[in-house]
Amino acid sequence: MLFATFLLGASAITCPKDEVEVDGACYPETCVFDGTVCNNKGKCEDNACVCDFRYLLSDKGCYPTECVDTLSHLCSDHGTCVYDDQWKIYTCDCEEGFMGFGSSCVHPNCMKDDAVCSYYGECADDENGVPHCVCPYVTEGEYCERCSDVAVATADDRCVDPTCMTEQPDGTSLECNGHGYCFVPNVDDDHTWMCICDFGTFPMNSGLSCVSLMCISDTAKEEICSNHGVCLNDKCACDDDYTGDRCEYKKKDCGVDEEFVEGDCVAKTCISSDRDHNSPVCTGHGKCDDGVCQCDKGFTRVGTNDCVPESCINDGRLCPNGYCSIRGTSGQCVCNDGYYGFGGVCYPESCITKKFTHNPPLLCRDRGECDFDMGICKCDWLYGGIDCGDCGVHSKLLHGECVPDSCLSSVSPEPVMCRGHGNCFEDSYLGVHFCSCEQNYVSIDTDTCIHKNCMTQRPGGDDFGTECSGNGYCDNNAGACVCDPDFSGKHCEEKKCPSGQKYVYGEGCVSTRCITKYSDGQETVCGGLGDCVDGKCVCRGTSIPYAGACVSQACLNGNPDGPVCDGKGECVNGVCRGGK
């Protein structure tokens, strides 16, 4: 028994005045509806319900927005809020004799042309309980459909209080000066009107007129066009002796080389070429001194009349491929479309290969120069493509690098640099590339390095002549000749010839009767001074036949019968060798 009494005492709550108990807690009466806090669809804050999303506060608590009318009544107090399963929305289920109209339940006596009391009045019961339209003083009629004698009809057929009409210079009147609409802020006092002004306008005349901010010279004094003009079409139309955006300057007579600017005569050479600034004199960041702009600190002069931020100058030009955005005493380059800005420079997006956080972007893969104005890469001669990512017409891709054609050998299906035994060297002075060969390899062209063992020494010389006598190719790694069919020898210098013939380097198979052999083993055809025809030497020029060969007269010392070189040597290529 004592235990039950204790529970009963613990549950009793006494709330302060103007509060009621709900679920063991006290709440302001203004937040409690039908024994719940805000119909369980909101929270009580500062003695009022703050409804959940898609709910509005009505005179009966928080209800779906579809059921709360403009006067915060639930279905105009003539219906209940129900959920429509078919359309998945809330709607008003109106009492008999009332019809649904948006979030309201309206009696037909108040409806005309799909409007409740022509949007002006309210539907209310008269003393006999019959619904009818209660009209504001600016309208009259059964449905408030006409303007009353004290109201003014606007161009869009609205009825407004005359206090909202502003007289124009031409004698006509416009609602809120043509820049807003007339509104009753207090429904309990429909004789108190004010203008709701459009954006960019300012309320004047105690809120009964709206004037463009472009015409307001002093908002505190409600001064229009400096009291020296009228506002027409959002611009000041100044009196004859005044000028300026707000008629703030009295006109002066200026010289031929001067222009009236901001209330003073200024040399035309100080008037900025770009007047889209706070002041056209020296771009608003300097003073005119003897016809030349003296720029403020941090600004530099371009020409005689423009002062621009030093931070906007790049390579002596003002924001190439962009424009200078000036804020206060500083400025920065804003790049045109298709350009990327970094460090005050506008880089063409078409030239950028890679961007970095703290460094300028990489242009043209570092393989050429970017034409900033044209936005194209001008590639080094080795490279090509839009961003120099390809090899040029005079180079080929080899192991990921572009190699000049002048350093590429073509002995295999794929190009090989310097036949695999050299590096491509650039002579920057001559502007050419050629192979620099490894040790024991010799260059026989700009693109070829051949092992010394494969080279045939030219007759009578110490320099190297032909690769494998021209009758094979060099296995460069092995350093040995691989001869063509029918050829053999270390340098492929020997060939199988018909009977009675022998192979002579550079001549082919020749009759043995025409071959001259020297003491060093060298062999020539007709002593190198004739041609073998039908097994006989036919001498050329002044050479004469001697012992089956052709000998120069110098080797015979004027004696056609010999001996050659006085018997003390041999005639090689028309010259005695070994004595005379």
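Numbers run from 1 along the shown chain.
Cβ atoms here come from the backbone N, Cα and C positions, even for glycine.
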Let me make sure I read this right: TrEMBL says Cys492 forms a disulphide bond with another cysteine. Which one, out of Cys483, Cys509?
Cys483
Regarding the disulphide bond with Cys75, report which of Cys62, Cys92 TrEMBL records as its partner.
Cys92
Given the disulfide-bonded residues Cys483, Cys492, which one's Cβ is surrounded by the fewest other Cβ atoms within 10 Å?
Cys483
For the domain 'EGF-like' (63-106), what does DSSP give as the number of helix, strand and coil residues?
6 helix, 22 strand, 16 coil
Mapped DSSP class for Cys492 (disulfide bond), helix or strand or coil:
coil
Report, in whole Å, the straight Cα-to-Cα distance of Cys75 (disulfide bond) from Cys483 (disulfide bond).
109
Using a Cβ cut-off of under 8 Å, list the residues of the same chain at least 6 residues beyond the domain 'EGF-like' (460-493) that approach it.
411, 419-421, 440-442, 444, 449-454, 503, 505, 522, 572-573
Residue pair Cys75 (disulfide bond), Cys492 (disulfide bond) - Cα distance, angstrom, rounded:
114
